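Pulled from Swiss-Prot, these are the features on record:
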| type | residues | note |
| --- | --- | --- |
| ACT_SITE | 176 | active site, thioimidate intermediate |
| BINDING | 205-228 | NADP(+) binding site |
């Protein structure tokens, strides 16, 4: 039962250092393998319209990073797969669970993407299980990610249906208001939910949402994530598709949730909101900084590679890691 587990989130945890065994953090290897491909970092930008478009996806793939293209340009998905494959790059797309998506999956047989993410807000659903089975039947070599979920039962059921990885996180994101609108979700205890789900998982877990700092990446790995999906930290870059808006002479980029009125175009089952983020520099600068911070984390763990973060001790500090530090 959940009540037997301690409940905590990212800001409640500090990882405990081990003796360093490398001469420089540059020796630490941040790469991670998911399916048949190895990527430079265990992070993936959220598959949201204000985070990435085809150009950003291409930039990420060329740089050796994992990406998941969003599903909100449905007609553009097959041309996108061709565009990526023509350049020798991996194709990674998203699908929903509506009836027409079944025909769409059949159309992919001639040029199957390497990765498909079944992407709905409440992924522990018969509709998702049915779609996993359909993709696995039609495209047996495609790596299927399914979500989002927040319980061990959901992880096991999606894995048993054929999912190659599950995405864990219901509403912990900065622009997700599922927790407020519905009363449900992993907001405020996302890291504990990840730990709970990871104990049941036999296949990779992608932690999705609630990441506010680069240190949260290391914490996610400690509690069982193979890959971490990140929204707000990847939003607001020069390359980001979100609109640039000027307020009092300052540049901001818009960032909105996948079920917001801005994305849906109407007040219809809205579970996302729009915020403005101060415009950042280039996406590559953030990726490089993430890599360096993760290398430092690996060195503090007394390790040489990402997996070494899984074995460190931790302490629950209940919101005290920011005490005396207003800079966060």
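Quick reminder: no glycine exception, Cβ is built from N, Cα and C everywhere.
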Other CB atoms, at most 10 A from the CB of residue 220 (NADP(+) binding site): 31
Cβ-Cβ distance under 8 Å to residue 211 (NADP(+) binding site), same chain, at least six residues away: 10, 217, 220, 228, 230, 231, 232, 233
Assigned conformation of residue 223 (NADP(+) binding site) - DSSP reduced to three states: coil
Cβ neighbour count (within 10 Å, all chains shown) around the residue listed as 'active site, thioimidate intermediate': 26
Distance from residue 226 (NADP(+) binding site) back to the residue listed as 'active site, thioimidate intermediate', taken between C-alpha atoms, in Å: 23
In three-state DSSP terms, the structure that residue 214 (NADP(+) binding site) belongs to: coil
Packing count at residue 223 (NADP(+) binding site) (other Cβ atoms within 10 Å of its Cβ): 24
